[in-house]
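Questions regarding the structure given below will be posed in turn.
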Amino acid sequence: MGSVEEIQQPLLLGFDTHSRLADLSSPAVEEFLGHRPVALWWWPRLVVWESRLLWILSGSSIIVSVFNYMLSFVTLMFCGHLSALELAGASIASVGIQGLAYGIMLGMASAVQTVCGQAYGAKQLPAMGIICQRAIILHLGAAILLSFVYWWSGPILVAIGQSEEIAEQGQIFARGIIPQLFAFAINCPQQRFLQAQNIVNPLAYMSVGVFILHILLNWVVVFVVDYGLTGAALTLSFSWWLLVIIYGLYILLSPKCKETWTGFSWKAFKGMWPYFKLTVASATMLCLEIWYNQGLTLISGLLPNPTISLDSISICMNYWNFSLQFMLGLSAAASVRVSNELGAGHPRVAKFSVFVVNGTSILISIIFSAIILIFRVGLSKLFTSDADVVEAVLDLTPLLVVSVFLNGIQPILSGVAIGSGWQDVVAYVNLVCYYIIGFPVGCLLGFKASMGVAGIWWGMLIGVFLQTVVLIVLTARTNWDAEVLKAADRLDKSANEENTDMVVSERLPAALLAYCLYTLAHDGLTKKDTNRKQKFSKRNGVFLLGQQLSSAEANVDKNKLFSKEELENTRDHFSVERILGQGGQGTVYKGMLANGRTVAVNKSKSVVIGDEVRQFINEIVFCHKNGVKLLGCCLETEVPLLVYEFINNGTLSHYIQHPNEEFPLTWEMRLQVATEVAGALSYLHSAVSCPIYHRDIKSSNILLDDKYRAKVADFGTSTSVAIDKTHLTMTQVNGTFGYLDPEYFQTSQFTDKSDEKKPIFKTESQEPMSLSHYFLLSMDEYRLFDILDARVVKDARKEEIMEVANLARRCLNLNGKKRPTMKEIEAELQGNQLSVKDLMSNKILTLIMSKLE
């Protein structure tokens, strides 16, 4: 026989070896990857699972990325068949002017990708629409500033050394694509907003449709109507505005965006500064990368015979960019996968996704490199028929092949960086590798060593190679658990930033000085305290909590994670006088929040580790009218704290052990409590997406509210099980001694029938006997009414008592298969309740009639 670990491994995932890949879920895989070393035979299946998710996202993302890029690609093809000079002018405008805006807009949009992706993973859906609107505002502001560069592009190109003839053609093209600049400013946030929600297939259909129309329009405008270079530029602008309109209509009308787009809001203008800082970091990161390649293309125009140099490197760069767009589709998918998993609190799945996407992209880049080598002549002639230009392109083909191969690694790692929010770090890496090392080396090789365009490209390759190495090291050394904490912190700031106002005083210098002194004085203490909080949060299960909060059944305000400071006064140092009770995993204290609300705070008995973390966090998954409502939790303390609503009537155990003559537990009340408890357990066993076994049902874990309705509490020992399983193999028995199902105690097999438990009872001779055994013995000896509470015998009919007693007897059957399910128990008890209510109604009616007589 196999070990316990081998038996449990499929169970932890909620699937067996015959399950479909589509049935796997990220929370289950996260638990599986972290529970123990994964058997070798599982890895291929997990790779296929991740690849499936990746291609669902990236397949359409690649189509969107490639076909949107092909709009400019096709436009340059048409320009190239006008003349070599017009191709050079359009190329220099595309690279030097449009590329400037392209880098800024895409860089700023990656902030949308980061925050929206993590918000979607954390289920903070309304915040996504606000983020998108805020991004559009910033993008349009940037477009207004950049439009001046477009309009005066001619003098700018001349100033950086381009010939007047090429600069003149470049200015004509640049002015024609000013409308495209503003369309791009809106389209970038729209696209990232939809991709963060995994809405990619509709974007692909739209992009392909617009691309086909774009080809037809270019042919008509450039050749039929003969509008030349200006017509090509205006056609490109028109196609981009068409994309904006179609995307906008989809966001407004699609049911898929109903929760994420709640309409235009003034909140988009609030808290702009924190988002602007992330935007600047994102834009800097991508601009340094994009401008690097474009800057080297501009420099090639300073070489002898600039037209051929510029045309040849431009053609190569277009194919290089084509492969890059394909990889950017994978990169966007990697960014969405990583950001979603970090936002959902799944660090291991995020790390696994990084490995899978990199392996996929390297394989694809090898295929692309082979295609370029085989078809290099034909690919050159698609752009031009000039023999000198074609020859120059063939000379650059080996360098193009190496660049395409590096595209299989570098963009993907950049996408991982975006999904993780590392934009500021990567920006510094790009600055050093590209502009301090690669750019100067390219200039030296191209001009001083007389290597021409090849020398410039060698410099570019050196910079890209160094950046790729640094990104590999950075990714390999990443603490993915820490990234989950950072993602949660980033989302909290984004969700609450509208409540933060910036006050500017006329005494700003003095205030700034005071702030700096304060920061210096307290930096050490603050950092130490923050580190302690992060350490405790990680140990106390913040990642597991992220998984639970993303569940549809989570009965907790998703935004309420109490800070240590918020609960400082509530806890009152956990004085003995405030103890309300002690559960399986902790002690419950009475407290009061700052708003005056009375609460119950559950403090773990000790530092929780391993499976104890899961038992403690299991408290949040119960969402039922007969369950104690969890208001939130605090994980920043040495032991985790859970904050509940305060139930003022105490436990059922108290009313049973200490009867209250003023408010006695009548037969009707007892039936109601039993029915409500059975209903709550039935919900746990069969109504939630992942069934849960409580494992510690007893009267002290049943609270009564002000209307004496039952509230099931203390889920510290509860556990979940796959929906298709009827039992759970446990390595140790959990629960309270005396309340255990004998089958569970003897075999460690916990079933959905095991929540029917039996306490220890002492007879008059002080011999210990389980209450269940005593009850069954009394039933066999026909002494049932001798052991019942006198109140029950007084209130109920004998037939009703026997019905409930027989139901209890069936629940105590040693053979679990012969016991009723909780759903069946609930139904039978509800039937008894109706009988009691009918009886009470008849008694009242009889009493009224007697009075009338």
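Glycine is no exception: its Cβ is also placed from the backbone N, Cα and C atoms.
In TrEMBL, annotation is done automatically, which means it is predicted and not curated.
When I checked TrEMBL for this same protein, it listed these features:
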DOMAIN    574-829  domain 'Protein kinase'
TRANSMEM  53-78  transmembrane segment
TRANSMEM  90-115  transmembrane segment
TRANSMEM  135-152  transmembrane segment
TRANSMEM  202-225  transmembrane segment
TRANSMEM  231-253  transmembrane segment
TRANSMEM  355-379  transmembrane segment
TRANSMEM  399-418  transmembrane segment
TRANSMEM  425-449  transmembrane segment
TRANSMEM  455-476  transmembrane segment
Applying the under-8 angstroms CB criterion, which one of 53-78, 355-379, 425-449, 455-476 scores highest with the transmembrane segment (231-253)?
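That would be 53-78.
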Other than its close neighbours in sequence, what residues sit by the transmembrane segment (355-379), given a CB gap under 8 Å and a spacing of at least six beyond its ends?
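Residues 47, 50-51, 54, 58, 319, 323, 326-327, 330, 333-334, 337, 390, 393-394, 397, 400-401, 404-409, 411-413, 415-416.
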Find the member of 135-152, 202-225, 399-418, 455-476 that has more C-beta pairs under 8 Å to the transmembrane segment (425-449) than any other listed stretch.
455-476
As a test of reading the model: what is the averaged pLDDT for the domain 'Protein kinase' (574-829)?
67
Which residues, given as numbers and ranges, are at least 6 beyond the ends of the transmembrane segment (399-418) yet have a Cβ under 8 Å from it?
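Residues 110, 113-114, 282, 285-286, 289, 316, 319-320, 323-324, 327-328, 330-335, 338-339, 354, 357-358, 361-366, 368-369, 372-373, 425-426, 454, 457-458, 460-461, 464-465, 467-468, 471-472, 474-475.
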